[in-house]
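The annotation domain 'ATP-grasp' is assigned in Swiss-Prot to 102-302. The ATP binding site feature in Swiss-Prot is assigned to 128-183; the stated evidence is sequence analysis. Under the heading Mg(2+) 1 binding site, Swiss-Prot lists Asp252, Glu269, citing sequence analysis as support. As annotated by Swiss-Prot, Mg(2+) 2 binding site applies to Glu269, Asn271.
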Amino acid sequence: MKKKHVAVLMGGFSSERPVSLSSGNSCADALEAEGYRVSRVDVSRDVSRVLSELKPDVAFNALHGPFGEDGTVQGVLEYLGIPYTHSGVLASALAMDKDLAKTVAKSAGIPVASSRVMNRFEIGDKHPMEPPYVVKPVAEGSSFGVVIVREGQSHPPQVLGSAEWGYGERVMVERYIPGRELTCAVMGDRVLGVCEIVPVGHSFYDYDSKYAPGGSRHVCPAEISPNIYQKIERLALKAHQAIGCRGVSRSDFRYDDRLPGEEGIVWLEINTQPGMTPTSLVPDIAAQAGIGFGALLSWMVEDASCPR
C-alpha cells in the first residue's frame, strides 16, 4: 500500500523555534525511514498557501509555542481540511493557557498547586505570595521565563518589570512544590508510562536541562512505589481526557515523597505538543513501553484526522 505524503510543520516564529526545528527534522528523518513521502515545511505566515500547493495527506505538527500549539495552526489546518496530528483547536488553546488548564484539571479532581494570575507589572517590590513560589508565563513552553523565588529572598526578581522580559504581560504565580519531577505520556487512550527527570547541574528542569545533551537524566520507568506510579498514570489519562487532547500528550507532576500516601502528588501542566528531539521524554517513555520512535510517529500519522 502506498504510504502517505506527510508535511512536517516545524520552525515557526515563537521563542521555541530552535526546539521545533530539532523536533521536526528528527520526525521527518524517522518518517522517511518508515517509508512516508515527507515535505519539510518551515512555517511562516503564508503556511496556508504553502500547504494548499503541497496538498499533503497529513500534516505532522512539530511546532512548539504560540501559533503552533495554541490552536492557531490547528484552525488553519481545519479550514484547509487537512488531517493533522496531536490535539485540536480547543484542547490546544486550553492547554496552552496554564491557568485555564489548571482550572479544568482541578474541576476533574486532579490535585494542583495553589496559584494566581497577575500582570507582571503588578508584582513590583512586594511578594505576591509567601516564598517559595514560582513565576511562569501563562502561555509559554520549554520553561522559558520560569523564575523560582526562594525562601529568604527579600523581593521578587527585578526582571519581571524590566524591558528584558519577552514572555507577555500575564504571569502565573504558583506555590513552589518541592520533590521529584515526574512526567507521564499518553498515546490516544493508552498510558505509556511514568518517567522521573533528574536535572544534571541545574536546580530545576529548565531549558538547558531539557535540550542540552547531558542536561538531564531520564529514569524510565520512574523508581517509585507501584501505587504512586499507577496513580500518576490515572491522573495523566484523566487530564488528557478532561482537556480533550488527541494523539500524544505529556503531563508533568511534582511528587513530594516525604508526605504520606498520595498527598505529595501535584499535577503541574499538560503538553499537547511534547518535544520529539533526540533528548525528549516521550520517545524515551514510548521505548520503555516497547514502541520505537518510528512506530510512535507512524501511529501518530495514521491517527491524524480533520476535524480533531
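Every residue, even glycine, has its Cβ placed from backbone N, Cα and C.
Around the Cβ of Asn271 (Mg(2+) 2 binding site), the number of neighbouring Cβ atoms within 10 Å comes to 22. Across the binding-site residues listed here (Pro128, Pro156), the residue whose Cβ sits among the most other Cβ atoms within 10 Å is Pro156. Comparing Asn271 (Mg(2+) 2 binding site) with Ile177 (ATP binding site), their Cα atoms are 19 Å apart once rounded. For Asp252 (Mg(2+) 1 binding site), the nearest of the binding-site residues by C-alpha distance turns out to be Val135; the candidates were Val135, Val149, Pro156. Rounded to a whole number, the C-alpha distance linking Ile177 (ATP binding site) with Glu269 (Mg(2+) 1 binding site) is 13 angstrom. Separation of the C-alpha atoms of Pro128 (ATP binding site) and Glu269 (Mg(2+) 1 binding site): 21 Å, rounded to the nearest whole number. For the domain 'ATP-grasp' (102-302), the model's pLDDT averages out at 88. For Glu269 (Mg(2+) 1 binding site) paired with Val135 (ATP binding site), the C-alpha to C-alpha distance reads 14 Å.
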